[in-house]
Amino acid sequence: MTKKVYVKTFGCQMNEYDSDKMVDVLNAAEGLEKTDTPEDADIILFNTCSVREKAQEKVFSDLGRVRELKEAKPGLLIGVGGCVASQEGASIVSRAPYVDLVFGPQTLHRLPQMIDARRASGRAQVDITFPEIEKFDHLPPARVEGPSAFVSIMEGCSKYCSYCVVPYTRGDEVSRPLDDVLTEVAGLADQGVREVTLLGQNVNAYRGALAAGSSEIADFATLIEYVADIPGIERIRYTTSHPKEFTQRLIDTYAKVPKLVNHLHLPVQHGSDRILMAMKRGYTVLEYKSVIRKLRAIRPDLSLSTDMIVGFPGETEDDFDKMMALVHEMGYDTSFSFIYSPRPGTPAANLADDTPRDVKLKRLQHLQATIEENVARISQSMVGKVERILVEGPSRKDPNELAGRTENNRVVNFPAPLASHPRLIGQMIDVKINHAYPHSLRGELVIVSDDASAATH
């Protein structure tokens, strides 16, 4: 009987990528298959996030729920990976003695050896070391589950923003060699992937050797140009970028590489220079706006999303007003916005914070309501237009329909003959947008590629 692994992922797309790799590693080493049901699993893994306190505490809450499964199934192994594991280490086992494995983002490739050691010794195994970029040398080829895929191009962060734990949980920035990344992307393209998202905590800080051991370095713009030349790749996305690393070379890439989508996620975090300085972000609002101005000179319709923190220590009403002014000026399509959550061990955790919680909550609600207005306005402006989408699979709303994504990352549901579904999935097609809804669009097929056209008849 095939053994199964269940992985629950918290946090960012880097963690989603790492979770897929955990499954790949265990499949290659032990033949385990992924399950979406923890009750069916022989191994349960939590890939954790420590960016906010709420996410961290939810891990321990979920661990408590699977404890009963372990009591009913003694051979079940429970593991905690990711940033909480890196930050807490062996204290996780002290708090939850039924946990068998604790591993960091850089040691997930050692899972088979840790499992063997746990079974042989009967003791919990903890490995939260930072062996640079070693894990990529030990990962099996990716198993593709659709026409889109994530590719991690670097690990860690060296920015040390005053509020952030990532440099402490993932280590400093280390880039994969260029040829390693290109080999992975080419392998994905051979399996039918048409869109890749290049991942890194500060992805545009990429500085990868041309090959292992080479002294020549490729920057992020060079990497994008090479990825665009790989046969089969039709779209390139990346996340998360940092304003401080947005070079003119990267800006020029938006003119040179049409496959680079017309959407950018560029976290600003705040709209007040005073708060940005306290956050140690390393740029001013004017410098941030300058990057966007240059990009929109090349791509006038570039859509923009961001991250924002409300209620950072010392934030005044004037600071918040400046944030809202920036939101209106930039016209953000989406914002991942949260109330500041102090993280132990970060400089900002020691700052005086005298803003009442209810004030922070009102500010957050105002910010999110404004962003939602932007989202609705942009979605409505797309009605009547023809959009190029990548068909990802059956619609969640109606399995008799198909769904795909626009360049600005909106889901479009559209009807198509059932017999055409297998051939349409993975194709780039054109749809006319007929309706805009709060979280999706609806359209109709108007133009397809030759292959897809044949599939509809």
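Quick reminder: no glycine exception, Cβ is built from N, Cα and C everywhere.
Here Swiss-Prot flags 3-120 as domain 'MTTase N-terminal'. Marked as [4Fe-4S] cluster 1 binding site by Swiss-Prot: Cys12, Cys49, Cys83. Annotated domain 'Radical SAM core' per Swiss-Prot: 143-377, in sequence order. Swiss-Prot lists Cys157, Cys161, Cys164 with the feature [4Fe-4S] cluster 2 binding site, giving sequence analysis as the kind of evidence. Per Swiss-Prot, domain 'TRAM' is recorded for 380-447.
Structure with Swiss-Prot features highlighted.
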residue	record	DSSP (3 states)
Cys12	[4Fe-4S] cluster 1 binding site	coil
Cys49	[4Fe-4S] cluster 1 binding site	coil
Cys83	[4Fe-4S] cluster 1 binding site	helix
Cys157	[4Fe-4S] cluster 2 binding site	coil
Cys164	[4Fe-4S] cluster 2 binding site	coil
Worksheet item: Whole-number Å distance between the CA of Cys157 ([4Fe-4S] cluster 2 binding site) and the CA of Cys83 ([4Fe-4S] cluster 1 binding site)?
Response: 13
Fill in: Inter-residue C-alpha distance, Cys49 ([4Fe-4S] cluster 1 binding site) and Cys161 ([4Fe-4S] cluster 2 binding site) (nearest angstrom)
17
Worksheet entry | Greatest C-beta neighbour count within 10 angstroms, which of the binding-site residues Cys12, Cys83, Cys157, Cys161, Cys164 | Cys83
Item to complete: Have a look around Cys49 ([4Fe-4S] cluster 1 binding site) and count the other CB atoms within 10 A of its CB, chains all included.
Response: 22
Practice prompt. Restricting to the domain 'TRAM' (380-447), report the mean pLDDT as a whole number.
Written response: 94
Worksheet entry | Composition by DSSP (helix, strand, coil) of residues within the domain 'TRAM' (380-447) | 10 helix, 35 strand, 23 coil
Worksheet, complete the sentence: For Cys164 ([4Fe-4S] cluster 2 binding site) and Cys83 ([4Fe-4S] cluster 1 binding site), the CA-to-CA distance in whole Å is 12
Discussion item. Going by DSSP assignments with H, G and I as helix and E and B as strand, what are the residue counts for the domain 'MTTase N-terminal' (3-120)?
Written reply: 66 helix, 22 strand, 30 coil
Worksheet item: Other residues with Cβ within 8 Å of the Cβ centroid of Cys157, Cys161, Cys164 at the [4Fe-4S] cluster 2 site?
Response: Lys159, Tyr160, Tyr163, Val165, Val166, Pro167, Gln201
Worksheet, complete the sentence: Cys12 ([4Fe-4S] cluster 1 binding site) and Cys161 ([4Fe-4S] cluster 2 binding site), compared by Cα position, are separated in whole Å by 17
Worksheet item: Between Cys161 ([4Fe-4S] cluster 2 binding site) and Cys83 ([4Fe-4S] cluster 1 binding site), how far is it from one CA atom to the other, in Å?
Response: 16
